[in-house]
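Data block below; observations after.
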C-alpha cells in the first residue's frame, strides 16, 4: 500500500508543491540568471527522484530516514523560493555578494539532496522497510535489513548523522563476525572506503578505520578490502602518518591483512609506509608498536621492498623493540627481523653482532606462551644457516631449549624446532650433543603426527642426526622408529620429500635387525614404487634390502 500522492500529510506531495513553485519562480529572476538556470536543471533531477519515491510503501512514511530527508529538503526548497523571489529584482536588497553566496549555498544543498535521494531510491531501503516489518523470519534477515539501512544512511545526511550511524555500525560489526559477513555482502566496504576518502572529520575517519580494521580480521572478508586497491591503502597510510593513536592502531590492523600481496607491499613501501611504521615502532604506544611490527613482519617477506627497510635503519630499530617492547611487540619484531635477513649473510652477522641472539635468549626465558616461541625458533634457524653464528647459538645453550619444545602442544613450534635441529646439526659436535640431550625420541613421535609438514621436519632432522653413529644406537632403541620411517615411504603420504626417510633408513641398513624390521614393515613395496618414480636413493636401498648387502651401499654425509 502506498501513501496517496495528493495526501497533504504526504511529505512527498508537499515537497513537490514547493519544488513546482520554485520552478515557476526561477524564470522571473533578474539577478544571477546563469546560477538559477543551473539550479533549475538540478531541480528537474530532484523532481524525478521524488516521483520515484512516491512508489514507496506506506510503511516508509514512518521511516525516520525517509522523514528526515524530506524535512531537510522542505527547508531547502523554502529558502530557495524566498531567495529566488529576492532575485526577481536586478538589484537584490542585501547586495550582490551576499546574495551570490546564498545562491551558491542553496545550490550545494540541492546537490546534496539529489545525491541523498538517489542513494535512497537505488538502495531500495524504503521498499524493504515495509517488508521487513512484517516478514522477518530470522535474526539473519534482521541483521541484513539493519546493515542495508546503516549503509544507506552512511551515504546521506550531515556529518553529525554519519558519525552517529558509524557508532551503530561498529556496534553491529563488533557483536558477531557473522554480522561482518552480512554487512560486507550488503556492500559496506566500498561505502566505508569512500567515506574515509571524502570525509574531513577526524572523528569519522577514526571510526571508519576501526570498522575497516574489524572487517580485516574476518578472513573471508579480506579479499573485498584488497579489491579496493590503492584508494584504501593511501587513506590508511595517511591515517598512519597523522591520525589519532586509536586510528593508527586500527590502520595497522587493516594493513596487516592488506600487506600480504606483493602489489600492496610495493605500494606501501613506495608511499612511505615503512618509514611511518618504523616511526611508530620507536615512539608509538606499546600496543601500536606491536601492531606496526606485525605489519612490517608481513612486508619484510618481499625481497623487492627490503631496500626500503635498510634505508630507514630498520634492523637497529627492530632490535631495540625486540629488547624493550611488550611481549607481542618483541615477538613481531623478531619475526620481522627473521624475514628481513633471510638470504643475506651480512645482515645476519649484523643482527648477531648487535645483540640479536641475546634478545632471543632473554625473550625465550620470559615468553608469555609456548606459541610465541615459534618466532624465536624460526629466527634461530635463519641465523643458524651462517656457520659462525650457529656456533654462537650452540654456545649460548639453545640446543636444550629447542629440544625442550619438541613435545609442546603447538604444531608450529614443533615443526620449527625440528627444522632448527636439522639446520643446527651441521657437525659431529652438535649431532652428538643433540642426541645426548634426548631429541631423538620426541622426533620419532613427530613422525606419527597428523601434519605432513611435521612428519617431514622430523624425518629430515633424524636423517641428519643419524650421520653420527652414537645417535643410530639411540634410534634403534625406539620401538616405533623403523616402522614410522617405513610408513613415510608410502607414496600415499603425499607432499612429503621421500629423500629424508630414504636417507634415514639407509643409515641403518647395515644392522641386520634394522634390515629385518624394514622388510617386515613393507619397505620393499614402497621402495619399488619410489624407485620407479626415480626418488634419490630409493633404488640403492631397495637393492641393499634385496641382496642383503650390509656395508658401503650409501655414502654417508
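Start at 1 and count along the chain as shown; that gives each residue its number.
In case you wondered, yes, glycine gets a Cβ from its N, Cα and C as well.
So that you can see what the record holds, here are the features copied from TrEMBL:
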type   : residues : note
DOMAIN : 17-125   : domain 'DUF7032'
REPEAT : 187-230  : repeat 'ARM'
So if I exclude everything within five residues of the ends of the repeat 'ARM' (187-230), which remaining residues of that chain have a CB under 8 angstroms from its CBs? That is, six or more out. 147, 150-151, 154-155, 159, 162-163, 166-167, 169-170, 173-174, 177, 180-181, 236, 239, 243-244, 246-247, 250-251, 253-254, 256-258, 261, 264, 267
When the domain 'DUF7032' (17-125) is classified with DSSP, how many of its residues are helical, how many are strand and how many are coil? 90 helix, 1 strand, 18 coil
Tally of helix, strand and coil residues over the repeat 'ARM' (187-230) according to DSSP? 36 helix, 0 strand, 8 coil
